[in-house]
């Protein structure tokens, strides 16, 4: 769920009810029938949107004297939701970058037993790229600037040895001054090309249209190049206001990709370690690559050259984030001295996939302790 999507949405005036917030007695504002226990610091709530396991509202922060986004998450009934919540909190509390959404505050009950919800406070961003592309055609200048910021943020993420794995327009938040921040790290993973993540053509949780082909074709090999493929899909969508590979299911997704890129070369096929996948591709009719200029006749030729290097079938030949930033299309913004990297690689102390939801709840409680009143953050 995008952490701070477009403001508005019209929840109307929030009702108030007497209650006890996360450690603070007083009134509790209601948003669309949902109590938001975030007072007295955060008031004047307005509904923004909601996802599978939470609602987002804007609120006035009486300490910072500005409006913020508050994501109410109620994940504790489901292991998967607990896992994503913990992973996002762990990552975002350690990340500091202008193009990555940060966490300003976290509110929750003062005891583990009483904790039913978690409230994550973040910067309020007026819209996201998905909504923007629904409403207008972007100029080349806007496309260039947004792409630069996506890659600048991704350079930082990748330098921490983290894969986002779910880059798509709705996870790119934008404000009125065209600042862009990457959000939603619930599916993020440590980069580990040796780990066996998924079998041949099994369904994958991230949004299908932005998936790299190797995710569907290989049982191993999550590398940073999967995020570059997603950015290529996003660039194509900015150029045309429509998804470039809108597959209805994973085989259809592959057919969309090959219908534009053409059939993979023998060298590219040799990189596919899964023989079942390789045999499937070899059984398909031969397809010729479609020229990018034919698909995007009005687009900047440098943009199309970069697009070609991102949407390369073979992940070993795909451009890296550092190379993409240095591409001529982005030369007006490129500044390696102002493209910071993480201070140290990110590591998860443990693999979260196999932990029960009760243990994940304990870890979320511990991870959010620093925001409790009277708690000093450990050095």
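Every residue gets a Cβ built from N, Cα and C, even glycine.
Record note: of 177, 207, 368, Swiss-Prot gives the feature phosphothreonine to 207, with no matching annotation on the rest.
Within the set 1-26, 27-52, the record from Swiss-Prot flags 1-26 under the feature region 'Disordered'.
Per Swiss-Prot, the residue from the list 119, 204, 329 bearing the note phosphotyrosine is 204. Residue-level annotations in Swiss-Prot identify, among 80, 198, 198 as phosphothreonine. Between 111, 202, 347, Swiss-Prot assigns phosphothreonine to 202; no such entry appears for the others, which is not proof they lack it.
The CA atom of residue 54 (ATP binding site) is located 18 Å away from the CA atom of residue 166 (active site, proton acceptor).
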